[in-house]
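Asker: Next up is a structure, given as structure tokens.
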């Protein structure tokens, strides 16, 4: 077994990381109870989903650390869960503005700046797009497609893996992994674009609701779970991370990724508790803001 092959420092490290995962889950459960009691039902499930991202990734990493053969399944599970979180984060920004109808009334003469990351941050010449029901539909569709296709691709990968046609570390053009990974990469970029567009539009309006630190936490989870993992996998594939019998380079890379993610997601869970733990008062409706602006103008 794995624990039999560990020395004393290894057992201590595994125990500390498992404890971190347990604490992260307990903090999330306590936060979920608070959200359920204090937050309106229209926002409740969305905010619980977003808060669950870090504990779920920590839990899947911990399972993968203790049971190395499950790494592919745990990585896929975390990726699918975060694909749903990307869609939920966009919906949360719309909900925090008072819902779709109020958002459209607030920005009835506004325009979306679409020259934003990760797709078009360099294309500054792109025209601004009017904020209408149709453009909101396309933004929501952009994130929903990833939440839909990621589980489908996960299922396809597992079917191919059971048939021996899929290996995470076989990146040759004849293997399925490289094509599925590229397709997932394109879908990820398409999904992140609407979130960036919406954030640019509402960040000033929602500054009282701590939207900037919330967006920063979401970005940290994205970078650590995808980019950091990809970099370590590439280093392991190139044998820059040396093998240490009985572990191969790829197995050591997986261990390093899992251990880093547990520590990082533990910290993000604690910070999320601080950022999201507050009263969720609604914004002033647009009519009230207009009346206040009119009163200010009439005051001599």
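One-based numbering along the chain as shown.
For all residues, glycine too, the Cβ spot is worked out from N, Cα and C.
Just so you know, TrEMBL annotations are computer predictions that nobody has curated.
According to TrEMBL, the feature transmembrane segment maps to 12-34, 46-67, 73-94, 137-161, 176-195, 215-236, 256-276.
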Asker: Which of 12-34, 46-67, 137-161, 176-195, 215-236 has the most Cβ pairs closer than 8 Å to the transmembrane segment (256-276)?
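Answerer: Against the transmembrane segment (256-276), the leading stretch is 46-67.
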Asker: Can you name the far-off residues of the same chain, 6+ from the ends of the transmembrane segment (215-236), with a Cβ under 8 Å from a Cβ of it?
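Answerer: Distal contacts: 50, 53-54, 57, 75, 78-79, 82, 85-86, 89, 168-169, 188, 192, 195, 199, 203, 249-250, 252-254, 256-257, 260-261, 264-265, 268, 271-272, 275.
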Asker: Can you work out which residues elsewhere in the same chain, 6+ from the ends of the transmembrane segment (176-195), have a Cβ less than 8 Å from its Cβ atoms?
Answerer: 79, 83, 86-87, 89-90, 93, 116-120, 138-140, 142-143, 145-147, 149-150, 153, 156-157, 160, 165-170, 218, 222, 226
Asker: Look over the recorded stretches 12-34, 46-67, 137-161 and say which has the most C-beta pairs under 8 A to the transmembrane segment (73-94).
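Answerer: It is 46-67 that shares the most Cβ pairs under 8 Å with the transmembrane segment (73-94).
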Asker: Excluding the flanking five residues on each side, which residues at least 6 beyond the ends of the transmembrane segment (12-34) place their CB within less than 8 Å of a CB in that stretch?
Answerer: 3, 6, 48, 51-52, 54-55, 58-59, 61-62, 65-66, 259, 262-263, 265-266, 269-270, 272-273, 276-277
Asker: By Cβ distance under 8 Å, which residues at least 6 away from the ends of the transmembrane segment (46-67) in the same chain are close to it?
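Answerer: Answer is 2, 14, 17-18, 20-21, 24-25, 27-28, 31-32, 35-36, 39, 74-75, 77-78, 81-82, 84-85, 88-89, 91-92, 95, 214, 218, 221, 225, 254-255, 257-259, 261-262, 265-266, 268-269, 272-273, 276.
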